[in-house]
C-alpha cells in the first residue's frame, strides 16, 4: 500500500468519524429538546389540574359543570404519562427509575378512575337518555328540573324559601312553591320521582339500586322526621 493510498484512507475515516459525531451531536440536541418539551408540557398540565381543583374547592359552581371531573382526571392522566416518559428517557439512575415506578402506579390509578367514570357516564346516559344527568352522575338529585351531583344518596332533601324563592342546599331554584316541588333521584339505572307538598308523607320509600331506602323530604314549616 502506497503512502498516498494510506493518506486517502485515513482522510476518509476522519471524515466518517466527524460525520458520525455531527449526527450524534444532533441526536443529543433533539433528545434534550424532547425532554425539555415533555417536562414543560407535564408541568403545564399539572398546573391546570391544580387550578381546576382550586376552582372547584372555592367556587362550587365549577364542580357542577358537565364533564369537569372527567376532563380533570384526563388531564392528570396525560400529565402523569408525560412525566413517566420523561423519567425513563432522561435518566438511568435507579432512584429516578423507582420514582418513575411510583408515577406508573399513579397512572394506573388514574386509568381506573377514568374508566369507572366513563363507564358510569355511558350507563347513566343509556338508561336515562339525559346528558345532564349522565354528566353529573352516577348519583344525581333533580329538584324542579335543576340537577345536582351527589357523592352519596342523601337521607334528607331540605327545601327552604326565602324572599319568594326556593333554595335547595343553598342553590337558587327560582320562584316556586316549596310546598309543591318535583324531586327526582337518579342512581345508576334507577330513577325515583315524587312530588313534595304539605299532605305528602314526609318519609318516603325509595327504590335505589335494587335496595329499599328511606328518604326524608321536608320544608322548614314541616316537622322533621328522623330516618
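Cβ coordinates are placed from backbone N, Cα and C, and glycine is handled just like the others.
The N-linked glycosylation site feature in Swiss-Prot is assigned to 4.
Annotation comment: Swiss-Prot describes 1-42 (among others) as topological domain 'Virion surface', evidence class sequence analysis.
Residues annotated as topological domain 'Virion surface' in Swiss-Prot, with sequence analysis given as evidence: 88-95 (among others).
As annotated by Swiss-Prot, topological domain 'Intravirion' applies to 117-227, with the evidence given as sequence analysis. The average pLDDT for the topological domain 'Intravirion' (117-227) in the predicted structure is 64.
Annotation comment: Swiss-Prot describes 43-63 (among others) as transmembrane segment. When Cβ-Cβ distances below 8 Å are used as the criterion, the transmembrane segment (43-63) is approached by residues 69, 72, 75-76, 78-79, 82, 149 of the same chain, each at least six residues removed from its ends.
The list of residues near the transmembrane segment (67-87) in space but at least 6 beyond its ends in sequence, with Cβ under 8 angstroms from a Cβ of it, reads 35, 38-39, 41-42, 45-46, 48-49, 52-53, 56, 96-97, 99-100, 103-104, 106-107, 110-111, 113-114, 117-118, 121, 135. Marked as transmembrane segment by Swiss-Prot: 67-87 (among others).
The feature transmembrane segment is assigned by Swiss-Prot to 96-116 (among others), with sequence analysis given as support.
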